[in-house]
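Asks: Before we start, here is the structure in question, set down as structure tokens.
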Amino acid sequence: LALNPWDVVLCISGTVISCENAVVVVVIFYSPAFRAPMFLLIGSLATADLLAGLGLILHFAFVYFIPSEAISLLTVGLLVTSFTASVSSLLAITVDRYLSLYNALTYYSERTVTRTYIMLILTWGASICYGLLPIMGWNCLKEPSTCSIVKPLTKNHLVILSISFFMVFALMLQLYVQICKIVCRHAHQIAVQRHFLATSHYVTTRKGIATLAIILGAFASCWLPFAVYCLLGDYSSPELYTYLTLLPATYNSIINPLIYAFRNQEIQKVLWTVCCGCFSSTVPFRSRSPSDV
């Protein structure tokens, strides 16, 4: 096959995604301090994005160096599983943040740990099921007219994935609206109790809402174009449009560690310790709630 520059860009994106998220996975899963539910969910997100990056690299390698229909199905199945798990992990993190504010008094309990494991099982169980569909026979290799914009996925398969994405996005939007209301109410109560000025309350509230807007805006700007095009396009649509919408979707896996992992002070502390020994390994670990992350 002639080398497609867009495939090269996707492979480079996969390499960046893999390196970036591998750091997060190693830090979280090999540090005993990061066993709180919120870190398990961040670890799930990083693992999903790491697999997505590896999937992009493997897909490029197998398409151009070891072309095979069976291997193509495996790599596409891996990409479907990993990207689905990534989006689902973002929803799980949003649910965890909401519950940490709504049920602040009972958040640090065994029930939270149990709920976190249930969310992880549901996240990865559903993602693996979606990824196995092309491998189990739901593909368009024998009927090209049923193909979607992403071969060898069928149009119906991609429509289901797109509808699932819109449901996840709608639920995340609703939860973040509720989080904004809780944050505004808490900030107002603190301002009244401590006799803060109205400007201080306004600044605190605006900062919290701006952070949530950045999180949701980054997610929407990366995934919405691809999700909409999956519903509108089919096998006859130009490949250029597929690449133009798919590439921003992969960037979400680059942005996720910056938003959910590297902003965390505990993870920053471990990274500085590993890289240059700027902090002593004996510095006490301070567990924070998901609303602080």
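Backbone N, Cα and C define each Cβ position, glycine as well.
So TrEMBL has the following annotated:
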{"type": "DOMAIN", "residues": "20-260", "note": "domain 'G-protein coupled receptors family 1 profile'"}
{"type": "TRANSMEM", "residues": "6-31", "note": "transmembrane segment"}
{"type": "TRANSMEM", "residues": "38-65", "note": "transmembrane segment"}
{"type": "TRANSMEM", "residues": "71-95", "note": "transmembrane segment"}
{"type": "TRANSMEM", "residues": "116-138", "note": "transmembrane segment"}
{"type": "TRANSMEM", "residues": "158-177", "note": "transmembrane segment"}
{"type": "TRANSMEM", "residues": "209-228", "note": "transmembrane segment"}
{"type": "TRANSMEM", "residues": "240-262", "note": "transmembrane segment"}
Asks: Determine whether the transmembrane segment (71-95) and the transmembrane segment (158-177) share at least three Cβ pairs under 8 Å, counting only pairs 6 or more apart in sequence.
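Replies: Contact confirmed: at least 3 Cβ pairs fall under 8 Å.
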Asks: Give the nonlocal contacts of the transmembrane segment (209-228) in its own chain as ranges (CB under 8 Å, at least six residues past its ends).
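Replies: For the transmembrane segment (209-228), the sequence-distant neighbours (Cβ-Cβ under 8 Å, at least 6 residues beyond its ends) are 87, 90, 162, 165-166, 169, 172-173, 176, 179-180, 183-184, 244-246, 248-249, 251-252, 255, 259.
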Asks: Between 116-138, 158-177, 240-262, who has the most Cβ pairs under 8 Å to the transmembrane segment (6-31)?
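Replies: Of the candidates 116-138, 158-177, 240-262, 240-262 scores highest.
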Asks: Any residues 6+ beyond the ends of the transmembrane segment (240-262) with a Cβ under 8 Å from its own?
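Replies: For the transmembrane segment (240-262), the far contacts come to 6, 9-10, 13-14, 16-17, 20-21, 23-24, 27-28, 42, 45-46, 49, 52-53, 56, 83, 86, 90, 93, 149-150, 214-215, 218-219, 221-223, 225-226, 228-229, 233, 268, 271, 293.
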Asks: Are there residues at least six beyond either end of the transmembrane segment (116-138) with Cβ under 8 Å to its Cβ atoms? List them, or say none.
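Replies: Same-chain residues near the transmembrane segment (116-138) but 6 or more away: 37, 40-41, 44, 48, 73-74, 76-82, 84-85, 88-89, 92, 95-96, 152-154, 157, 161.
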Asks: Please compute the mean pLDDT of the model over the domain 'G-protein coupled receptors family 1 profile' (20-260).
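Replies: When the pLDDT values over the domain 'G-protein coupled receptors family 1 profile' (20-260) are averaged, the result is 86.
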